[in-house]
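Working notes, beginning with the structure itself.
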Amino acid sequence: MKFPASVLASVFLFVAETTAALSLSSTYRSGGDRMWQALTLLFSLLPCALVQLTLFFVHRDLSRDRPLVLLLHLLQLGPLFRCFEVFCIYFQSGNNEEPYVSITKKRQMPKNGLSEEIEKEVGQAEGKLITHRSAFSRASVIQAFLGSAPQLTLQLYISVMQQDVTVGRSLLMTISLLSIVYGALRCNILAIKIKYDEYEVKVKPLAYVCIFLWRSFEIATRVVVLVLFTSVLKTWVVVIILINFFSFFLYPWILFWCSGSPFPENIEKALSRVGTTIVLCFLTLLYTGINMFCWSAVQLKIDSPDLISKSHNWYQLLVYYMIRFIENAILLLLWYLFKTDIYMYVCAPLLVLQLLIGYCTAILFMLVFYQFFHPCKKLFSSSVSEGFQRWLRCFCWACRQQKPCEPIGKEDLQSSRDRDETPSSSKTSPEPGQFLNAEDLCSA
C-alpha cells in the first residue's frame, strides 16, 4: 500500500496558504489598505469553502449521518480531519486482515506489441485510501486555480505598484505558486489516469520533475505577463479576462448543444436536475480557471458519461499554445509601448525577451515530457519527434518546389523572347520537351 504523500502535500499547501493569507490580511488592515485586505481574504476563504464542499461531495456524506464531520467542514477543518483519517487507515491496514476484497483488472503497457491483463486484489482499506487520494487531488486543483492563481496575481500586482516586496507577501506568493504548480501537476496525472483507465499507469519520478518544470515556467510567465499588462492598462485587462473567460466557459456548452445529446442525468443519483446543472456549471468554471493560466490537460465533454474526453487531441494542444504565445507577445508589446515611470530602472526589451524565452522553455519541457517521460507513450499513434519530422519534411518539400519553378520560369520567358526575335523563315524552333518538363515541374 502506497504512502499517502499526495494527501499530505495537499493539506500542507492548504494550511500554509490559508495561514499566510490571513496573516498578510491582518498586515494590510493595520496599514489601512482595506481593499487589499478584502481581496486577500476573498481569494483565501472562497477556495477554502469550495474545498470543504468538494471533500463533502466526493465522500457522499450527504447520504450518511455524520454530524461531527459536517461540523468540522463548517469550521473549515475538514481537510485536517480527512488527513488524520487517512493516516489512521494507513497505519492500521497492516494489523488487521481484511475478510472482503475486490478484484480489479488492469492491462499492462504493451511490450513487443503485446499487452497482458493482470488481476489485483484491493481491500477495503486500500479502497478508502484511493477515494481519499482522488478527493484531495480534486480539492488541490480547485484550490490552485480558483484561489491560489488569483491570489498570486493580486500579490504580485500589489508588489509592482508599491515597488516593495515584504516578507509576508513574498512567502504567500511562493506558497501560491507552489500550490498552482502542484494543482496543474495533479491535472496532468488525473488526465492520464482517466484517459487510460484500463491500463496500469506508473508515473516515474523524472516525469514528475519534467511536469513540475513545464508548469512552473508556463504559470510564472503567464502571471507576470498579466500583472505587467494590468499595471499600465487597467481597463483593457477586464476585456482580456472576459474574452478568455467566455471563450473557455462557453466552448464545452457549445459543443454539447451542437451534438444534440440529452442532458446528463447520471452524475449523482441524489442530485436533481437543478443540482446537476449547478455541478456542471461549477466544473465548467473550474475548467475555465485552469485554461486562463495554463493548459488544462483535461478536455471537458458534457455529453460524455465521464464528463471527460478520453481522446488525446494534439491539434487542440497546438492551437492553445500558439494562441497563448501570440496573446502573451501582444500583451507584452502593449506594456512596452505604454509603460509608466515605475519601470524606469527596468530594462524593458530584456524583460520581454526573458518572458518569451521562459514560455518557450515551458513548451520545450512539455515536448520532452510527451516524447520521453509520458507513462503511456507506447499507446500514442505518433510521437512528438515523428510529428516534427513530418512537419520538417513538408516544409523542406515546399521550399524545394518553389526554388526550381523560379529559374525555369525565367528560362521560358527568355526562350519565348528568342523565338519572337527569330525570323519566320528560319527552321530553328525550341524543343517542346523543355516547355513540357517545366510546366510539369511547376504544376507539381
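The backbone N, Cα and C atoms fix where each Cβ goes, glycine too.
Annotated topological domain 'Extracellular' per Swiss-Prot: 24-37 (among others), in sequence order. Mean model confidence for the topological domain 'Extracellular' (24-37) is a pLDDT of 92.
What Swiss-Prot lists as topological domain 'Cytoplasmic' is 59-68 (among others).
Marked as topological domain 'Extracellular' by Swiss-Prot on the basis of sequence analysis: 90-140 (among others).
The feature phosphoserine is assigned by Swiss-Prot to Ser115. According to its DSSP assignment, Ser115 (phosphoserine) is coil. There are 14 other Cβ atoms within 10 Å of the Cβ belonging to Ser115 (phosphoserine).
Residues annotated as topological domain 'Cytoplasmic' in Swiss-Prot, with sequence analysis given as evidence: 162-171 (among others).
Swiss-Prot lists 193-208 (among others) with the feature topological domain 'Extracellular'. In the topological domain 'Extracellular' (193-208), helix, strand and coil residues by DSSP number 7 helix, 1 strand, 8 coil.
Panel annotation: around the topological domain 'Cytoplasmic' (230-235), residues 157, 160-161, 334-335, 338-340, 342 of the same chain, lying at least six beyond its termini, place a Cβ under 8 Å from a Cβ of the stretch. If you look up Swiss-Prot, you'll see 230-235 (among others) marked as topological domain 'Cytoplasmic'.
Swiss-Prot lists 257-277 (among others) with the feature topological domain 'Extracellular'.
What Swiss-Prot lists as topological domain 'Cytoplasmic' is 299-317 (among others).
Counting residues per DSSP class in helix, strand and coil order gives 5 helix, 0 strand, 6 coil for the topological domain 'Extracellular' (339-349). Feature annotation from Swiss-Prot assigns topological domain 'Extracellular' to 339-349 (among others); the stated evidence is sequence analysis.
Residues or ranges marked as topological domain 'Cytoplasmic' by Swiss-Prot: 371-444 (among others).
Residues or ranges marked as region 'Disordered' by Swiss-Prot: 408-444.
Only residues 6 or more beyond the boundaries of the topological domain 'Extracellular' (24-37), in the same chain, are considered here, and those with a CB under 8 A from a CB of the stretch are 44, 154-155, 158, 166, 168-169, 172.
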